[in-house]
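Enquirer: As annotated in TrEMBL:
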type    : residues               : note
BINDING : C235, C387, C466, C469 : [4Fe-4S] cluster binding site
BINDING : S287, D350, D351       : Mg(2+) binding site
DOMAIN  : 1-220                  : domain 'Glutamine amidotransferase type-2'
Amino acid sequence: MGGLFASTSIRDVQEDIFFGTDYHSHLGNYRAGMVLWNTHDGFQREIHNIQKDSFRSRFAQFLEHVRGQAGIGCIADDAPSPLIMSSHLGTYALCVVGAITNIDELSAELLAEKGPMFNALSGGRINPTEVVSALINTKDTFHEGINYVQSRVQGSCNLVVLLDDGSLIVGRDRLGRLPMIIGKDDDGYAVSFESFSFEKLGYHYVSELGPNEVVKILPHGVEQLIPSQNEMKICSFLWNYYGYPTSTYENINVEMMRNRNGEILADNESDPHLFDRLDYVCGVPDSGTPHAMGYSYKSNVRFARCYIKYTPTWSRSFLPHLQGSRNEIAKMKQVPIKELINGKNILFVDDSIVRGTQLRETVEFLKGNGAKEVHMRSACPPMMHTCKYLNFSVSTSENDLITRRIINQLEGPEGLEHIDEYADPTSERGKRLRAELAKRFNFDTIEFQTLDGIIKAIGLHPDKLCTYCWSGKE
């Protein structure tokens with residue numbers, strides 16, 4: 001995934017950039033970067049690998065030696081960013097967050113023009129930020145270049161340009177798949193992926209950029225360069241999983257959506273006697289917990305934390321690039337409270353079920369600590385498609401998805417022609433999928449939120465939401 005924080009002001013903002021960027025650490029743990037600008041030193045930039053260290057620990061020394069009245073910080077899930085570029089438009093720093101899925105096509109086209117040169121990354125890959133810069137540089141102005149980028153990029157692309165006068169040019173993805181939020185204090189402005197990053201830094205919310213909107217930001221004001229468009233496809237998974245609980249996107253708070261989602265999940269239960277059998281409702285920490293709290297409230301079954309995530313040293317398990325690392329982190333960081341598990345019937349709510357790599361360990365872990373019945377609920381519909389627009393998961397093959405693997409085993413490739421039926425809990429194929437999942441992972445029952453249910457929990461019009469990973473509809 002990845003996130004960014006930027007600011008321009010009449011005062012020094014290096015600490016704001018430092019802490020504002022750190023507040024995006026839940027969105028990535030691969031690389032991070034900061035660039036500061038002041039009138040005396042110009043651009044000052046540093047990039048670090050943060051796979052084994054926190055953002056703050058890697059950039060603390062840099063913070064001691066730089067100052068700037070403007071800057072950008074970035075948590076990147078792959079290639080280094082921000083980059084400092086020079087062209088006929090001038091010298092500028094550029095940060096890109098998103099996933100450019102046609103990068104090979106774009107880079108080949110640009111190279112064929114015998115103009116730009118790209119630094120090769122490992123595996124012969126090209127930094128997406130360089131490609132975006134090259135596209136911008138084909139036009140006469142930044143806003144024309146950014147508009148061109150959005151017309152050419154497939155996937156998603158939020159970006160911030162820091163100019164050599166300390167001003168910012170900010171563009172949101174063409175379909176608004178990711179948020180871009182503006183805040184203000186008495187001395188200037190800030191831009192952030194996560195709205196909550198403003199709270200502790202003294203900024204207050206001003207506005208959220210619309211899809212394809214481009215603005216220029218100076219310490220004294222915001223100028224719209226390209227107006228927003230009506231069509232939007234913001235990622236539904238923002239609220240369900242990877243958005244931070246204290247953040248608000250499109251005026252909808254993440255934690256409150258998850259509570260509502262859990263309530264709807266409980267409302268959808270088909271077994272009228274299930275609640276009477278349960279001792280506790282538990283959430284798979286952390287992101288499953290607020291869904292479980294909503295479920296508990298609606299079902300009137302007590303909420304309990306049957307196991308706790310040891311947070312001081314273990315990072316978020318969906319982020320590491322290697323599957324083995326994810327599994328090890330998921331296993332080591334969850335610590336049980338045996339007294340809440342032994343002899344109990346427990347319903348667990350997880351934010352999602354993607355590969356199924358952690359399901360078996362979860363139920364073995366619970367049954368091994370004496371649980372009688374273990375029921376699993378997913379706070380989102382079955383994942384039937386890999387995301388084409390963002391990098392919130394490292395799964396790039398649809399064969400990684402546990403749902404598809406089971407469908408293939410039940411019916412072979414022909415079964416994939418009936419994906420909509422498998423997603424439907426009332427259809428015979430849907431019942432077979434759930435029965436096979438429960439059998440394979442030794443759950444007493446397993447069920448998923450419905451597509452209508454999660455859309456209702458978010459509260460935006462369905463046309464404004466991207467639900468491709470569940471529905472396959474673009």
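Each residue's number is its place along the chain shown, starting with 1.
Any Cβ shown, glycine's included, is placed from N, Cα and C.
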Enquirer: Near C466 ([4Fe-4S] cluster binding site), how many other Cβ atoms are within 10 Å of its Cβ?
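Expert: C466 ([4Fe-4S] cluster binding site): 24 neighbouring Cβ atoms within 10 Å.
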Enquirer: Can you grab the distance from S287 (Mg(2+) binding site) over to C235 ([4Fe-4S] cluster binding site)? Cα atoms, rounded to a whole Å.
Expert: 16
Enquirer: Mind checking which of C235, C387 has the fewest other CB atoms within 10 A of its CB? They're the binding-site residues.
Expert: C387
Enquirer: Determine, from DSSP, whether C387 ([4Fe-4S] cluster binding site) sits in helix, strand or coil.
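Expert: The residue in question, C387 ([4Fe-4S] cluster binding site), is coil (DSSP, three-state).
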Enquirer: Give me the count of other Cβ atoms within 10 A of the Cβ belonging to C469 ([4Fe-4S] cluster binding site).
Expert: 26
Enquirer: Can you work out the mean pLDDT of the predicted model over the domain 'Glutamine amidotransferase type-2' (1-220)?
Expert: 95
Enquirer: Output, ordered by sequence, the same-chain residues six or more apart from D351 (Mg(2+) binding site) with a CB under 8 Å from its CB, or 'none'.
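Expert: Those within reach of D351 (Mg(2+) binding site), by Cβ under 8 Å and sequence separation of 6 or more, are N240, Y241, V284, S287, G288, H291, S378, A379, C380.
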Enquirer: Would you kindly give the Cα-Cα distance separating C235 ([4Fe-4S] cluster binding site) and D350 (Mg(2+) binding site), rounded to the nearest Å?
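Expert: Taking the Cα atoms only, D350 (Mg(2+) binding site) lies 19 Å from C235 ([4Fe-4S] cluster binding site).
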Enquirer: Take the Cβ of S287 (Mg(2+) binding site) and count every other Cβ within 10 Å, whichever protein chain it belongs to.
Expert: 24
Enquirer: How many neighbouring Cβ atoms, not counting its own, are there within 10 Å of the Cβ of D350 (Mg(2+) binding site)?
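Expert: Its Cβ has 24 other Cβ atoms within 10 Å.
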